[in-house]
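*Asks:* Take a look at this one; I'll ask things after.
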Amino acid sequence: MIQLWGDSRLRSKNDTILKAIKGESTSHTPVWFMRQAGRSQPEYRKLKEKYSLFEITHQPELCAYVTHLPVDNYQTDAAVLYKDIMTPLKPIGVDVEIKSGIGPVISNPIQTVKDVERLSQIDPKRDVPYVLDTIKLLTEEKLNVPLIGFTGAPFTLASYMIEGGPSKNYNFTKAMMYRDEETWFALMNHLVDISIDYVVAQVEAGAEIIQIFDSWVGALNVKDYRYYIKPAMNKLISGIKAYYDVPIILFGVGASHLINEWNDLPIDVLGLDWRTTIKQADKMGVNKAIQGNLDPSILLAPWDVIESRLKDILNQGLNRGKYIFNLGHGVFPEVKPETLRKVTEFVHNYTAK
């Protein structure tokens, strides 16, 4: 295992977020926004008039530009690589496309263990060189904040692959778990294997933090999570850490009932959505760094409302330490860029030491 937290590997001048994760003293609370690269930026919307999401991510210069924009425009303390959690699925044989207004749509959903056996492994240098080239390009451009790479969690990826797209109830996914454990665990193991290779390649290319998005896992109860999901998550996170001791953030939506399960995992940061306060997480015994958790909808409110909510969350974060400010989900397209800029400035000033 290679230690990435030391000065010898640290490329970023602004290492505030890395210090916060470790519980070290920082000059201010670090800020970044999920989906900060993309939808709310006018420059990005102009690009989208010409290119699809996958077309942008396949062109390292464009992708690096989109990734870098919020760091320049909002002065965030981290950059998050612009790509989709579906990115590693196409190379392994999943026919996926992103449809406007719908999201990922998969034409060959997984139904049997034979479908899983037909999936290939991933060779990131061969299959997703554009992702690695984008990371290297950002590093060469001397990005002055840590770059966050990411992957989808096995359950969330599997739910898309089984349902064929977004779902409200995950009926097909749960049905497979309950009636066909052979196929379910084969799929989990395959997704863990490709995700480890995919994440390790991102770290080797220059990513300094990894976020695992388990967007839909809140659909499961605790008992099912422990049996059907948690072993795969342990294997994924431990597998990454066997190569590099890179900081790992875990985030999901509507999953407050799983906080204790997440706290058991070898992650470094637990991402909260807006439904659970930092105080509540602390009372539940969370001993990781915490990230979150302003309701994204608040950013559409008048500034006095935003400021009031910011103060409440920031005070909780300041009281506990080991805290990163973020939203409780991704930035909405309707949010004005100047609002994000103002939020970052407020967080930096309000928490300045």
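Start at 1 and count along the chain as shown; that gives each residue its number.
Cβ atoms are placed via backbone N, Cα and C, with glycine included.
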*Asks:* Considering the substrate binding residues ARG35, GLN36, ALA37, GLY38, ARG39, ASP84, TYR160, SER215, HIS329 given in Swiss-Prot, which of PHE54, PHE172 is annotated for that site as well?
*Replies:* PHE54
*Asks:* What's the number of neighbouring CB atoms sitting within 10 A of the CB on ASP84 (substrate binding site)?
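*Replies:* I count 16 other Cβ atoms within 10 Å of it.
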*Asks:* Out of ARG35, ARG39, which has the highest number of nearby Cβ atoms, where nearby means within 10 Å of its Cβ, if these are the binding-site residues?
*Replies:* ARG35
*Asks:* Hey, what's the Cβ neighbour count for ALA37 (substrate binding site) at 10 Å?
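*Replies:* Cβ-Cβ neighbours of ALA37 (substrate binding site) within 10 Å number 26.
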*Asks:* So how many other Cβ atoms are close to SER215 (substrate binding site), meaning within 10 Å of its Cβ?
*Replies:* 23
